[in-house]
Amino acid sequence: LILNTKNLLHIEDGAFRNLPRLKYLSICNTGIRQFPDLTQIFSLEAHFILELCDNLRMTIIPQNAFQGMNNESLTLKLYKNGFEDIHSHAFNGTKLNQLILKDNKNLRRIHNDALRGATGPDVLDISSTALESLPSYGLEAIQVLNATSSYSLKRLPPLDKFSSLLEAVLTYPSHCCAFRNLRTEKQNLLLSIFDNFSKECESTMRKPTNEILEDSNNTLLWSVERNTHPFVTDDESSPYSYSTIFDDSEMAGFDFEYDFCQPKVLTCTPEPDAFNPCEDILGYSFLRVLIWFINILAIAGNFTVLLVLLTSHYKLTVPRFLMCNLSFADFCMGLYLLLIASVDAQTSGQYYNHAIDWQTGSGCSTAGFFTVFASELSVYTLTVITVERWHTITYAMQLDRKLRLRHAVPIMLGGWLFSIGIAVLPLFGVSSYMKVSICLPMDIETGLSQAYILLILVLNVVAFIVICACYIKIYIAVQNPELVAANKDTKVAKRMAILIFTDFTCMAPISFFAISAAFKVPLITVTNSKILLVLFYPVNSCANPFLYAIFTKAFRRDFFLLMSKLGCCKSRAELYRMNYFSAYNSNCKNGGAATAPSKASQAILLLSALEK
């Protein structure tokens, strides 16, 4: 034992020479800077233990560092040192039982060939290290892997490298998904083979007769003598001992300690939780196809609306200004869906190896910001548009009460600031975008996070109620069939019904399940919530550009005028231009004659407002 000798700075080569009876060597809490020469010990003991700990000035483990120590079983306890790098062939010439590297806080690299030339190890412990990857060679013998608190280890080597693994204690639950899949694929064959043997085993135990079971090579597999108690024991002298029944190679991978007829299966902790099940980002295959159609529709539709409105030579009115804000918000929602769809396509089938990088990285934070910002700005703008339309119809002939652009700009500025503030909060610890793979703020562990989620949901519900109330009031104002033509009345009703239905379809299911989850009584799993994400959550973003812009006459006029500038649809554009000036001249001639608006004229103004 060489312990607590801080002034010991160097151990000369050959200091440990020809020590055939040495079983245990411990060098801890010293000041040595260079890895000591241990290659001339030549211990003859059946099992040798080397302990190096708290040697903070040793930074590397060189090649062949342990060659010649012992030709039998070797346990290396190399913990709490200053190791930063383990070189190629560092463990060459050893038969490793256990390799303990835990608590080497600065250990960032193990060379891919560090275990080349070594047998084993059976146990590898890399807990509390800064390793970013495991070596690709030498993992086949590992039966127990301990990698707790190894937060930099975000990816695992190919799973076929862990051919003997029985127990894994890891840092991230997503990595256990990899071993769960490995267990499913690899052990199915073993279990099917063993199942046949188990039936033979059980039937033999029930019928103790003179039976000999041999394989095709005439190797004795099972033997029972008549009138002998049919239980297998650990006594090697017994004809029912494990060693009598199986060769060592046939025993590998199975645990007969408690139940002879059951194989041992791979166990892994921590288990995936409800927020991060073992699946790809989107989970269902049909969602993987559908999300591309939806995000392309949202991006293309809203980009078209923005392009047409911003390039139009007509005056920027309040409805146009509000529609630009709505289109931008819904365009951001399309970008969020595009980002989720792209990452899902890249990580399909191996998300467990990308989960940590994605959910803790800037990509997921960006996606989460986009979706919350877009969702809140869209809801806010929809509410403002609806209130503006109600105000326009109610005070149609009172020009002094008309909403001007100078009023709309500060109103929307407030909406932008509110939406940005709500979207930024999870980046500063109020809830989190890292909780789930779809990057929504679903963390409700703290009271503040819970209040944050409830605030968003309540505001969305209030906005929906305001939208419904405004459209109902507008419809009631023009419902009288004696004053309004039936076809106009029907048109207004249909348009309002569609607007309210799309809002309800988007908000109702998400709000219902989210509020229940916020109170920690979830009624739906994360897997099923992804259906809401794709089918309901972006409904408004896809429908809004069509309902509020593309299907209106004003937009079609602006669209064809823009196309005419590019050399297309010139005749259609000229027709729209003539109709516009004809209607403008007609209004100018009749403008002075009108003194009091009729109910029917208000209805026509409503239809005009809905078309803007």
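Including glycine, each Cβ sits where the backbone N, Cα and C put it.
Keep in mind it's a predicted model, so treat the numbers as computed, not measured.
Copied from TrEMBL, the annotated features are:
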- 289-310: transmembrane segment (TRANSMEM)
- 301-548: domain 'G-protein coupled receptors family 1 profile' (DOMAIN)
- 322-343: transmembrane segment (TRANSMEM)
- 367-387: transmembrane segment (TRANSMEM)
- 408-431: transmembrane segment (TRANSMEM)
- 451-476: transmembrane segment (TRANSMEM)
- 497-519: transmembrane segment (TRANSMEM)
- 531-551: transmembrane segment (TRANSMEM)
Long-range neighbours of the transmembrane segment (367-387), counting only residues six or more past its ends (CB under 8 A): 319, 322-323, 325-326, 328-333, 335-336, 339-340, 408, 411-412, 415-416, 418-420, 422-424, 426-427, 433, 439-441, 456, 459-460, 463, 466-467, 470-471, 503, 507, 537, 540-541, 544, 548
Local confidence of the prediction over the domain 'G-protein coupled receptors family 1 profile' (301-548), expressed as mean pLDDT: 81
Distant-in-sequence neighbours of the transmembrane segment (322-343), which means Cβ under 8 A and at least six residues beyond its ends: 281-282, 288, 291-292, 294-299, 301-303, 305-306, 309-310, 354, 358, 363, 366-367, 370-371, 373-375, 377-378, 381-382, 384-385, 388, 408, 412, 415, 419, 438-439, 534, 538, 540-542, 544-545, 548-549
